[in-house]
Amino acid sequence: MSEKAPLLHYRLTTSTGPEPKDVPKHSSAKAGRDGRRTKEKNAPKLGVVFGVVIPTLLSMFSVVVFLRIGFVVGQAGLYQSIAMFLVAYFIITMTVLSVCAISTNGALDAGGAYYMISRALGPEFGGSIGIMFFFANVCGSALYILGLVEAILSAFGIPEGLHQVLPTGYWWSLLYGTVLLFLCFIVCLVGAHIYAKATFIIFIIVTTVLASIFISFFIVGPVVVILPDTSVFNRTSLSITNYTGFRLHTLEDNLLRNYTVDYTTGAMMSFATVFAVMFNGCTGIMAGSNMSGDLKNPSYSIPRGTLAAVLITFITYNMLSVMAAWSCDRRLLQRDYSFLGDINIWPPLVTVGIYSSTMSAAMSNLIGASRILYALSKDNLFGGVLALARKTSRSGNPWASVLVSWLLVQVVLFAGKLNTIAGIVTIFFLLVYAAVNLACLALEWASAPNFRPSFRCFTWHTCTLGILGCLIMMFLISAIYAFASIAFMLLLLMLIHYLGPISNWGYISQALIFHQVRKYLLMLDVRKDHVKFWRPQVLLMVANPRSCTGLMTFINDLKKSGLYVLGHVKLGLLDGLPSDPLQSRYDSWLSLVDHLNIKAFVNLTLADSVRHGVQNLLFITGFGGMRPNTIVLGFYDDCTPQDHLQGKILMSTGHGLDAVCPSKEPGEQRPPFFSIVRGAEELKDLQKEEYVSVIADAVKMGKNVTLARYFNQFNREEQSMTGPFVDVWPLNLLRPDSCGYVDICSLFLLQLACVLQETRAWKQARLRLFLCVEAGCSLQEEEETKLRVMLKELRISAQVQMVAWDQVVALHWQRQGGRERGNLVESAQNEERMEREEKTEEENGIQTFPNNAAQLTDEYICAVNSLIHRHGAPKPAVRFLYLPRPPADTNRYSAYLHQVDLLSRDLGPTLLIHGVTPVVTTDL
């Protein structure tokens, strides 16, 4: 049962559906048995030992154990060698703990470390680190091939030696490496199971060779070793050194460091360069993870197999270091990297072990690189660039990925020497290990409820130590290579972020952002608000997005890094509906937000009326100190809406915004992104009185109100190129008897205009402030001076223009003087009563709509509208007008809306603004 459970887990999503009714039961049962046999035949078969332990051991027991253990001890001494192993294994142990935690938190697929990182951190980090890990495996495979070539030439390419068979030189070495790489390519091309069988045979050989090496240290007595001394000028001569056996004086000579020139490259060695070579013996810890797609139960096999392999190699490396330092002369360790064969009881056995282990490690890295490339191509993160790598054989082997990996390894072989590329390989692997630790740390810090791995031997401390250890060693080895690799990774990250498709893996960034935003929202205390830090936080009510894209983009400029919410009310009741009809619409709204490139949230509500829906949104929108303080409404007029999304293409999906989108279910089609715009003959969803009631409700709730009109004529691209004008009329034009310019609402107009001018798209805009005065009035100069001083104190740059409106005001006073005498007493009584009602509001510095509607005539308002027209040259991009507060008497709502309509008629894009909160200050 335990062996079949994993298969069931992997095959749950591949159900073939219900049986056809016309098929006999015994036929379907037979077909089911045949299908199970086929699935079991193609199912992953590798377990802990063959799938993880053996590949990991062979990947780690390669160049270092046979060809570089003497190099490490001879250059660094025993003390520093052990210190290097401790540092290296500390890093990889922290990484292994993170790997175990991630791999036991869910089912793994092909791709190993790439799969874990991408599913944990999202496609941007996963894809960029996956490419880095792919290159690390490619370079690692080339490194092992070069190590094998070095071993072959040391045995058969010595010019003065008795066994000279092969010619030497750079091009000959490249030829030998190409042939050996082609053999690895053939094995990997056949498939993972052949590779597993081959590695088991190699594992037996390597185990036998290691046993013979340990035995030889105890059996073989002192030996005089003849070794080649290759100079940097490629001249050769014979020199002699000693294998002393276990001698105390030999151990004492090898305890301390003695860095010299590496005889294969001619470069001076240091702690960092020796560590870079040594660390390649620890980079095989992902060999089992890379085989995750071929494992029977990856979540079970990877933790156990990897930890076992790490422990075995750590013990082996340290024992070999101690024995080599105790028994070998320092010159032998520094000048003969294949000394283990010289002191073995049967030297050819070590040669066989070197050849087999390095071939196995090269194959392990080659097949690992191909599996990572195949996983990257399946995820389609790079579009059609990796389309070729998706091709597989009938058995599922990604032969195209193996081919591409083989070609890249062949390119790296041109480096020529093992120690030349050792530093690059090490930095690549360290960067990948740091990313694995980062993935585990991010999952732990995000506190996601679904992150509960069965492997619990890790904390955020182990992840952090692993990251720091990797980064420190990267920059110690080579700061240039480290910076270059990180920069390359970040470049890939940006490319995937902006060009890659949206995935459904889950983004760890979203979990971390949620965690941080919640914390900072709790810290955002509304009791500490101050007018100095006021910013517009806007709720834009949208009836149909098709008709108001211009307004949506304009308000995005006006928000000044504040909260911006798109609100929509759908008429209806939840009673009788099977589910919430709004949940399925959020994707369309968010897609539109992306299409318009605006920074806005979306909040939809269901209500029996528009007024109640707006009330709901004003009550519930936002959190803590991030709540809308300004509501923007489209103007209530008779204009026919226009569809601005007709023919537009949504870049993220390629679907048209006006097309019927095909559904996943056959024969079913999804509705368009948004309903079509209202026709000229269709009725609106709300009446005039309800519209004004929405304005009055917002004012009562302490919200600033803005009415936007004619923004169907607004074109942001044209305005940003022409250096537009922004006209501000701060006087309540519906109160001709008012003479105050410095009230809360006027200052709110100025603040919004200034905020608009400070945005990047409106930097070239020029503010024009129109001051309405009566010619010959004694207050004209006084008001102008007062206004200019106020603008200076508020740091607002605007062009002040004096507008004489004597003739316009005269129309109002003529109407006042022409009243019939019989109505004077009644009018006086009405005015006295209304003044008492307005007293409280005027004390707050807000001018209201004239309660006696008879005081204003259409002739006067049309004259004011004409005055605004005459002073609108050049034509402004947008106008800011003073919006008085709605009357307290609901019976005058229609008159209020009619007069505001006349005031703003045919003015182009216009904002009628009513501010209720102080927004400016002259204090520091």
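Start at 1 and count along the chain as shown; that gives each residue its number.
Including glycine, each Cβ sits where the backbone N, Cα and C put it.
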Which is it, of 346-368, 369-391, 507-529, 691-713, that TrEMBL names as transmembrane segment?
346-368
Looking at 458-477, 538-557, 738-757, which one is transmembrane segment according to TrEMBL?
458-477
Rank 46-70, 170-192, 307-326, 346-368 by Cβ pairs under 8 Å to the transmembrane segment (267-287) and hand me the top one.
46-70
To the transmembrane segment (199-227), which of 82-108, 129-158, 170-192, 307-326, 421-446 is linked by the most Cβ pairs under 8 Å?
307-326
Where else in the chain does the transmembrane segment (346-368) make close Cβ contacts, counting only residues six or more beyond its ends and a cut-off under 8 Å?
55, 58-59, 61-63, 65-67, 112, 137-138, 140-141, 144-145, 147-148, 151-152, 155, 180-181, 183-185, 187-188, 192, 195, 198-199, 202-203, 205-206, 208-210, 212-213, 284, 286-287, 290-291, 338, 340, 402, 405-406, 409
For the transmembrane segment (421-446), find every same-chain residue at least 6 residues outside the stretch whose CB is under 8 Å from a CB in it, and list them.
91-92, 94-95, 97-99, 101-102, 105, 113, 116-117, 120-121, 125, 129, 132-133, 135-136, 139-140, 142-143, 146, 273, 275-277, 279-280, 283, 286, 412, 415, 458-460, 462-464, 466-467, 470-471, 473-474, 477-478, 481-482, 485-486, 489, 508, 511-512, 514-515
The transmembrane segment (307-326) vs the transmembrane segment (46-70): three or more C-beta pairs under 8 Å (separation of 6 or more)?
yes
Could you count the residues of the domain 'SLC12A transporter C-terminal' (559-639) that DSSP puts in helix, in strand and in coil?
25 helix, 22 strand, 34 coil
